[in-house]
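See structure below.
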Amino acid sequence: MPALLSARVLLGFPEHHVLLSPVQGWLCSASAPAWVLCHPHCSSLPFSLVPSPLSGVCPSWFLCLGFCYPGFFLSYAFCLFQASLCNFRGCPLCPCLSLHFCMCPFLFLPLFMSHKPLLFFPSIHPPVAMGPPRALDPASLTMGQGPRLWHQPGSTLTTALSTLSPVMEPPVITEQSPRRLVVFPTDDISLKCEASGKPEVQFRWTRDGVHFKPKEELGVTVYQSPHSGSFTITGNNSNFAQRFQGIYRCFASNKLGTAMSHEIRLMAEGAPKWPKETVKPVEVEEGESVVLPCHPPPSAEPLRIYWMNSKILHIKQDERVTMGQNGNLYFANVLTSDNHSDYICHAHFPGTRTIIQKEPIDLRVKATNSMIDRKPRLLFPTNSSSHLVALQGQPLVLECIAEGFPTPTIKWLRPSGPMPADRVTYQNHNKTLQLLKVGEEDDGEYRCLAENSLGSARHAYYVTVEAAPYWLHKPQSHLYGPGETARLDCQVQGRPQPEVTWRINGIPMEELAKDQKYRIQRGALILSNAQPSDTMVTQCEARNRHGLLLANAYIYVVQLPAKILTADNQTYMAVQGSTAYLLCKAFGAPVPSVQWLDEDGTTVLQDERFFPYANGTLGIRDLQANDTGRYFCLAANDQNNVTIVANLKVKDATQITQGPRSAIEKKGSRVTFTCQASFDPSLQPSITWRGDGRDLQELGDSDKYFIEDGRLVIHSLDYSDQGNYSCVASTELDVVESRAQLLVVEYDIEFEDKEMAPEKWYSLGKVPGNQTSTTLKLSPYVHYTFRVTAINKYGPGEPSPVSETVVTPEAAPEKNPVDVKGEGNETTNMVITWKPLRWMDWNAPQVQYRVQWRPQGTRGPWQEQIVSNPFLVVSNTSTFVPYEIKVQAVNSQGKGPEPQVTIGYSGEDYPQAIPELEGIEILNSSAVLVKWRPVDLAQVKGHLRGYNVTYWREGSQRKHSKRHIHKDHVVVPANTTSVILSGLRPYSSYHLEVQAFNGRGLGPASEFTFSTPEGVPGHPEALHLECQSNTSLLLRWQPPLSHNGVLTGYVLSYHPLDEGGKGQLSFNLRDPELRTHNLTDLSPHLRYRFQLQATTKEGPGEAIVREGGTMALSGISDFGNISATAGENYSVVSWVPKEGQCNFRFHILFKALGEEKGGASLSPQYVSYNQSSYTQWDLQPDTDYEIHLFKERMFRHQMAVKTNGTGRVRLPPAGFATEGWFIGFVSAIILLLLVLLILCFIKRSKGGKYSVKDKEDTQVDSEARPMKDETFGEYRSLESDNEEKAFGSSQPSLNGDIKPLGSDDSLADYGGSVDVQFNEDGSFIGQYSGKKEKEAAGGNDSSGATSPMNPAVALE
C-alpha cells in the first residue's frame, strides 16, 4: 500500500509543499481540473488544496473525487465533524464548496485504500535577479527512502522524477551478499538481499538457475522485513553446509519491474586434514641441493605456511635456504649444520582458525672434504620459460629459486623496458618479484638470472595482462516522457573482451517475445516511442573468464504538461561588459523545448553573444547598452506551451579613474592615498577603503584614519601600519578595486664586546619601527656595548651612538661542546676532540672541559680528566674498541648541563681482508664491469670506508709497452661491490687490483688481468695532397696513432664541393700498410673534400678530412716564401710548397757576377716543386751569384746570394764531423764524464758511518700519523727528523706531534710510493709521488721515510 510522502528538490530557494490534482494516467477523468498553489495565508498548513480558477465548475471536481475515491463523501462529512480539531486560519474556501483538507486521518484513510497515487510537487520561489542559475544537484534529489537518481543536470524531467518517485518507485537492490561466500563447519549460512521500492517489493531466490524457496527449507530463518529477502541457514552438524552449495541469485519485484542481484557463489569447506603419508629420511651429501616438500591440503581461502622445528622455532631463511610460494623449503646447497630431524611444515587456515602440521622430515647431511663447485640451476621454475596471466589492478608475483655452489644470487631483468620502480618490490632475498597494480603496460617478458662465479642460469616469464570486466559506461536509470526514445548505454572492457547480455525484469532478452520497440545496438538498449506501460527494470551483464559485472537500471515513463517555474515579468540588471543570465526553469514530460525570443518574435541566438544553457537559462556576454529590453521564454511539449517575460536593463560599468599609489614612509610620519571613480548615475555609488583585507573606518576620538572625498590619510605611522591598502568602488551591480603598498622602517639592535671581540658587532635581533624600547636576553659575563640601526627597503642607515658598557655577572656554563668525536691516530690510543665553546658561551673569564670515557656496554666507573685544550689523548687502548664519551663545560661558577653520550672508537689497524673478485664483465671495447664479494668486516680492523680499485694498461694485445706505466684508480663506497671502469683503450691488456680500506689505509690487494676487445681505430695522421697533373692528385698519409685493434685497411671517400659536381665516391683500400694513393680523372675546375678512415674488423674509425684541387684551380706556379743561404762553396735554395699546388718540375740556374767571373754560369738543374729545397755545390768562395728559376723556358723568379770565404779554393763536400769545433766539443764531454766517474768511485769506497741510536731516532712509525675523516693527508716523503716529534704526555700541545710506536709496511706500489687517504664517505684524495721505499731486510723498521699511508701530522 503506497505511503503518502513528500519529495523535496533542493534548488537553494524556500519550499512550499502543495497538493496538485492527479494528472494523465492517474486521472479518473480526462477533464479533471488542475490545481495551483495554495493561498499564502495557508502556508502554515502542511498540505493545502485549492481549486484553480481555470478548472471550471467546482462540482466537476467534487464529482470527480467522489467517483475516483470510494467513500469520499462519507470521509468528507466525517472530516467536517472533526474540523474543530484542525487548525484552519483564514484559508479561502472553494466558491461553491467549503472544503478543507487537513491532516485528518479519517479523510486520507479512504484515499490510501483507493490505491490511487497522489502527486506532490514543490513550488519554487521566484529566482534571484543577479547571477547565473544553480544547476540541479543530483545529490539533492531525495525520494522518500529510495535511491537518488540522475537524468540531466537542471532538467525539468529530473524535477518530475523527484515528485513522482515517493509514491511509485521501481525496485532497487540496496544490499547483497558478496559474490563469493565461503562457509565453514561452525558457521551459519547468511544470504543477504535487501531492496527499496514502492509498491512494496517482493523477493524470490534461485539456486543454480532453479527456483529456491528458503521458507520451505529445514533450518532456514527468513527475515520478516518489508525491504528484506535475506535468510539464514543454521545446521545441526558439520556437513550441513555441503547440501546448500551452489550459485544463488535474488530477484526483487513490484509493479514497475524486477531488479536482480549478482551471482552469489556459496562454497562449503570442511575441517582441513593433512593426508596420511610416510615421510622417509632425506639423505644428501654436503654441498648438494635439496627440496623439502610441504603439499598442504587445498583451501578456498588463502593459507599461510611456516617451517619450524620441534621447539616451535622458525627455520632461519637466507640466500641459501628459502621457502617458495608453494610452501616447499629449498636449499641451494646444504651444510652439515642443516643436519636435523625435525623440519616441520605448518599450515595456517585463517577461515577455520586452524593450524595443522606435517609429519617431521629428517634431513641427513653427509659430510665431505671436497665440496664441488657448480654453476647455478633453477629449482623453481624448472623449465627455461613459462607463460603467466596477470589480472589488471591485481599484484603479480614472479619467483625464481636456484641451487648451486657457491650460493647463486638472483637478478631480475625486463628486456622490453625499465622496471616500474615505484611499483616493484623484491622479497625473499631477491628471489621474489612483486609488481603492484598491474596495468596493460606491464605486459611482456620478465627474466630472472641466477649467477655465481661458475656461470648462470635463467628463466623467462612471458606475462600476458588480462582484465576482468570493468565499466566504460555503466547504464543509469532515467526518466522519460511519452513518445521519447529511451537509451541505456552499457559499455564494458576487459581482456578477453567480455560478452554482454541484456535482461528485462530479470528475464533474458532471448526468452522474451520479440518486440519491434526494443533493439540492441553497439551495447546499448534502445526503446523507441516509450509509453507509460513500458516502465521496466533492465539488467546489463558482462562476463569473461575472469569475472562478471551486473548493473540494474530502470526506464520510467511519465507524462506531464509543460510548466515554467521561473516567475513572470522578472527584471534583471547588469553593467556593460559583464554577462547577464535570464532564467527560465521549465519541466514536463516529454521534456519541453525552450526558446528565447525578442520583442519582434524572432530568436535571439542569431547574435553570437547570446548562448543558451540546457536548463533553459539564456546567457548574454559582453553586454551593451542597446541590449536593454524585453525577452520572451517559450516552453512547449506535445501537450501545451507556456511563456514568460524577462526584462533586462544594462547600466554603465564602474571605473576607477585614479587609484592609490604605493609609498615608503618613516615611522611617525603620515601618508595620503587618493581614489577617484565614475559610476552609472542611476545607481547608488560607494567608495570604501580596506587595509590588508579589512574594512577601514574612522574611529571615534582617534585621529589615526581620516577618510573623506575619496582620500585616506593615515597619521602617526607605525610599523604595524605597513601593508596593502585598497580603494573599493562599488554599486549594487559591480565592484572594482585598486591596491597600493605601504612600507615602514624597522630597527636592528647590535652589541660589541671590546674585551673579547673588539670592533666586531653582533646582532641581537630586529624590532618593529613602532617600538622605542625592547627587552633582550643576554649572556652571562659579556661586556655589552649597544647600538641601534634603522633599516628600510633601501637598506640600513647610520647606526646610533654607542651606549655605555654593561657587564653581566658570571654564571655556570649553559652549553656543552658539540661535535664530540673519538678517533684513534694509533692502534693503541683514542683522541677525543670537540668544538670548543664560543667566548660568549663561557659565562666566565675562563672555561675548561671535563672529559669522561669508558668502554661501551660496561657499567663500570667513568674515567675523567679536566683539560683546557679542545682535545684529549687516551692511551693504552685496544685496537678499534667502541667507547662512551662525554664532554662537559666547567668554569669557576660550576658545571654545564649533563652532556650527551657520544660513541667513539680507538685507533684502527690496516685491513687484513682481501676482496674476492667475482669476475669481470666486458661491456664494450672501452668499458668493463668489475664485481667482487663483500669483505669480512671483522677483518677490516676499523670502519670500512670503501674499496680502492687500481688499474693500468700493460700494453696492446700484440705487444706490451715498456714505457712508464700510468695507473688509474676508482674509489667505491663501502656498500657497493661493483664498479664500471670506462675510458679504457680497446684491444689492450690491463692489470687490476682491488683493496679494502679503512681510516688507517689500504689492505692487501686481490689482482686480476683482463683484455679489452677490438674497437674502431683513431683517425689517420697527416693527410697530404700532392698535385700530379690537372686531373690527378697523390694522397699521402700516416697510420693512426691508436690502432685499437688490427688494421684491415682504409676507406677513402671524396666528393666535389661546388654545385654541379659528381656525387660522393667511396672505395676500400685493403692493404693496411698502404701510405699513398693516386686519384685520377678529377675535374681541373672543382675543389674536393677528401675523407680517409682506417678500419679494423669492428669497422671504420674517425676520419681525417682535407680539401683541395688540381693545378688548374691553383693558377700560376707559386714560389712564395723562397729563400737562399750560402756556405764557402755551396748554396741552398728552399721554398714552401703551396697546399693543393700541383707538382711540377723547373730549372735552377746559378750565374756568377763580376768582372773576373765574366758572367760564368753553371749548367741548369732540373728540380721537382714538391722537394722543397735544392743544394748547389761547386761554387767559388766569396763570390756573388744570381739565381734564376725557369719553367718551360719562361722566367719565374730571380734572387742573389754570395758565398763565404776569401779565396777561390775549390773544396770537396764535407760534413760537420770534420769541423774543429765539433771535435773539441766531443772531447770536453768525454773528459767531464771521466771526472764524474772518478768522484763517484771515491765516495762509494769511503762508506757511511752513523750511530745506531741516531738511526733508531730517525725511524718513522707507519702508525704514528693520526687519521682524520676530513682528509687522508698529502703524498710526501718525510726525510727530516724535525717532521716527527714525540708526545711529552698523553695530552700534547696543539702543535705537538705524536710519538711513533712501531712500524708497518708502506702501501702498494703505484709505479712509485703512493700515499693514499680516504674521507669518511669513501672519497679518494691521494696522489702519486716519489718511488717506493724498500724495506730493510729481515726487520719491521721503516726505511727512514714515513709510510705514505701513515704520515706524521700534528693535532689540530
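Cβ atoms here come from the backbone N, Cα and C positions, even for glycine.
Because TrEMBL annotations are produced automatically, they should be read as predictions rather than curated entries.
Summarising the annotation, TrEMBL assigns transmembrane segment to 60-81 (among others).
Here TrEMBL flags 93-113 (among others) as transmembrane segment.
Across the domain 'Ig-like' (171-261), DSSP classifies residues as 8 helix, 49 strand, 34 coil. Per TrEMBL, the feature domain 'Ig-like' maps to 171-261 (among others).
The annotation domain 'Ig-like' is assigned in TrEMBL to 275-362 (among others).
What TrEMBL lists as domain 'Ig-like' is 376-464 (among others).
Annotation source TrEMBL lists domain 'Ig-like' at 469-556 (among others).
Annotation comment: TrEMBL describes 561-643 (among others) as domain 'Ig-like'.
Marked as domain 'Ig-like' by TrEMBL: 654-743 (among others).
Residues or ranges marked as domain 'Fibronectin type-III' by TrEMBL: 713-811 (among others).
As annotated by TrEMBL, region 'Disordered' applies to 797-824 (among others).
According to TrEMBL, the feature domain 'Fibronectin type-III' maps to 816-909 (among others).
Marked as domain 'Fibronectin type-III' by TrEMBL: 913-1015 (among others). Within the domain 'Fibronectin type-III' (913-1015), the DSSP-based counts of helix, strand and coil residues read 3 helix, 59 strand, 41 coil.
Residues or ranges marked as domain 'Fibronectin type-III' in TrEMBL: 1019-1114 (among others).
TrEMBL lists 1220-1242 (among others) with the feature transmembrane segment.
Sequence annotations record features per position, and here TrEMBL assigns region 'Disordered' to 1275-1306 (among others).
Annotated region 'Disordered' per TrEMBL: 1325-1356 (among others), in sequence order.
Counting residues of the domain 'Ig-like' (654-743) by DSSP class, helix then strand then coil, yields 3 helix, 46 strand, 41 coil. Secondary structure of the domain 'Ig-like' (469-556) per DSSP, as helix, strand and coil residue counts: 6 helix, 52 strand, 30 coil. Within the domain 'Ig-like' (561-643), the DSSP-based counts of helix, strand and coil residues read 6 helix, 40 strand, 37 coil.
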